[in-house]
Amino acid sequence: METKNQTDIAEFLLLGLSEDPEEQPLLFGLFLTIYLVTALGNLLIMLAIGSDSHLHTPMYFFLSHLSFTDLCFSTTTVPKMLVNIERRSKSISYTGCLTQVCFVLLFAGLENFLLAAMAYDRYVAICHPLRYVVIMNPCLCGLLILLSLVISSADALLHTLMVFRLSFCTELEIPHFFCELDQVIKVACSDTLINNILVYLVTSILGGVPLLGIIFSYTQIVSSILRMPSAGGKYKAFSTCGSHLSVVSLFYGTAFGVYISSALTHSSKETAIASLMYTVVPPMLNPFIYSLRNRDMKQALRKLI
């Protein structure tokens, strides 16, 4: 195959979920609806938290940032897919593809760290309620957000810059609806060993540490709840964690689903569907999980509407 330097590449081809022309209008309508629901749901969460002074607490502070991250995560991938379906095109420019890689990594990392920060918030609220206001002060909350942003940005830039050093061939078809890092590396002609090692190493550290933090927090939370004497106290404590646990299960469940499906199947379509579940479904469902299971959020949304 003829090898080209990365600076000579005009575009990649995103094969998407289906090449059947008859299915394109259905896919366009489906993903347009998903994106509008995602945007509206997360915007309502942010507006409700910002407009209700009762929700100006660390838990809702993190939730508002999670909603913003979910909105940006979905915006990074879905609009380009909708444009390609509408124009009956599969192309994405080289710069646009690497920009998409960078932002997908950034917002996925941010979501990962925000879920860990929210787990720590619930741990302090249940296990150290008398010291909650002192520990979860505005300075610490802001520092956690800033640290999450810095680490996620560094991770995204590192992987993107490492892709810049690769050379690509004439076969630039990506069997996904967006530019995923693994798929971009697979179509490279040059040696990708360093890139693959970096992906596994950094993902293990930046994905494993927050997950271990969440597991530790909930281990302590469950232990503390079981020691409570009253059934009402136990129920109230569990109810404050229910929404977060649901979101954590959805996020990590779909992430592990992508990993397992890519390891067990060689079907590009099945892998693309798994990635779709990871990037599109959690941002759409998170606002519903928090608004339907949380009485304070329901009240704030009623006031807002």
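Cβ coordinates are placed from backbone N, Cα and C, and glycine is handled just like the others.
According to TrEMBL, the protein has these features:
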- 26-47: transmembrane segment (TRANSMEM)
- 41-290: domain 'G-protein coupled receptors family 1 profile' (DOMAIN)
- 98-120: transmembrane segment (TRANSMEM)
- 132-154: transmembrane segment (TRANSMEM)
- 197-216: transmembrane segment (TRANSMEM)
- 237-260: transmembrane segment (TRANSMEM)
- 272-292: transmembrane segment (TRANSMEM)
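Within its own chain, the transmembrane segment (197-216) has Cβ neighbours under 8 Å at 109, 112-113, 115-116, 119-120, 151-152, 155, 158-159, 162, 181-182, 185, 248, 252, 255, counting only residues six or more beyond its boundaries. The average pLDDT the prediction assigns to the domain 'G-protein coupled receptors family 1 profile' (41-290) is 87. Within the chain, the transmembrane segment (98-120) has long-range Cβ neighbours (under 8 A, six or more residues past its boundaries) at 59, 62-63, 65-66, 69-70, 72-73, 76-77, 80, 92, 141, 144-145, 147-149, 151-153, 155-157, 159-160, 163-164, 178-181, 184, 206-207, 209-211, 213-214, 217-218, 244, 247-248, 251, 279, 282.
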